[in-house]
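As recorded in Swiss-Prot, the features of this protein are as follows:
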BINDING   13, 14, 15, 16, 17, 18, 19, 20, 39, 128  ATP binding site
ACT_SITE  104  active site, nucleophile
DISULFID  104-200  disulfide bond
SITE      129  site 'Interaction with tRNA'
ACT_SITE  200  active site, cysteine persulfide intermediate
SITE      340  site 'Interaction with tRNA'
């Protein structure tokens, strides 16, 4: 297990899922003083048919009961709306595609929850993330999880050194099938529960239906780069770069993909073929930089992920100023999307990254 220096009092973030359930059970088995916290980060739609928050809380309470630990339900909904959801709406309004899970980790799970846990006398917090942590010469390093299919270091890149020092990830050295097996051995009610998908506050409801409640929509044309109209979109915010499904463009030839958004004309620019040149980029500019180590990495050679679960892409890091950097890739990268995160790695070490603003292709047009 990846720990700080002999933590004894640990508070586990119990989400009602199998991963956090096994995390708590393992720590209790290993002799630590363990308590659970269920974080209620969304509350507007508690009676919505798609909302699973209540069931998740019931599952978390049931798990705590079986393990034999206390659990508190703590409401961070106000902080979530202020720090995460407002940003989510702002980015979609600007034509970008944000990743609220990244911000939720930095602002809620490893800030609000961490502050709460420390206030309760905890030495450390634990979560069910598939990531690892190693301490070398007093420095806490965030590493990829051993299960490459589940590695979640991408979503943790905004953690600061002080947050990493107080966090442990007991599942980092395990693979998902083993976690399921352990859940069954511990007789946990979440052993067969399916993994959650999508953004936590949206749940299983259709994304378009949810977003329309908060942002105005405006239909417009789908056009080719040459300006030919080939269809109609239902609102630019509902589409992301590289999207293929849901375009509704008929006719012969290769599938159509979203290549860019023209916010001035309210047009969605689409191209035919996965390998169309407009879908590939050789460089990007990112800002709002955040790093996991006390000193930011030097300019130079690293690998990068511009979306979750993609293969590491070799690149060159160049700083433009204190808050902005450029990444130049060895090979063109597909559908690099403003609003998403570019995360840097040195081998297995997650160094940090930033928010993608622009690429060498005009993908968000505001002229």
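Just so it is clear, glycine is given a Cβ too, placed from its N, Cα and C backbone atoms.
This view paints the features noted in Swiss-Prot onto the structure.
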| residue | record | Cβ contacts under 8 Å, 6 or more apart |
| --- | --- | --- |
| 13 | ATP binding site | 20, 36, 37, 39, 109, 113, 125, 126, 127, 128 |
| 15 | ATP binding site | 38, 39, 56, 60, 128, 196 |
| 17 | ATP binding site | 56, 59, 128, 190, 193, 195, 196 |
| 19 | ATP binding site | 128, 129, 130, 171, 179 |
| 340 | site 'Interaction with tRNA' | 97, 98, 99, 306, 307, 355, 356 |
Helix, strand or coil at residue 39 (ATP binding site) [DSSP, three-state]: strand
Count of other CB atoms lying within 10 Å of the CB belonging to residue 104 (active site, nucleophile): 25
Protein Cβ atoms within 10 Å of residue 129 (site 'Interaction with tRNA'), excluding its own: 27
For residue 39 (ATP binding site), the number of other Cβ atoms found within 10 Å of its own Cβ: 26
Residue 104 (active site, nucleophile): secondary structure state under DSSP, collapsed to three categories: helix
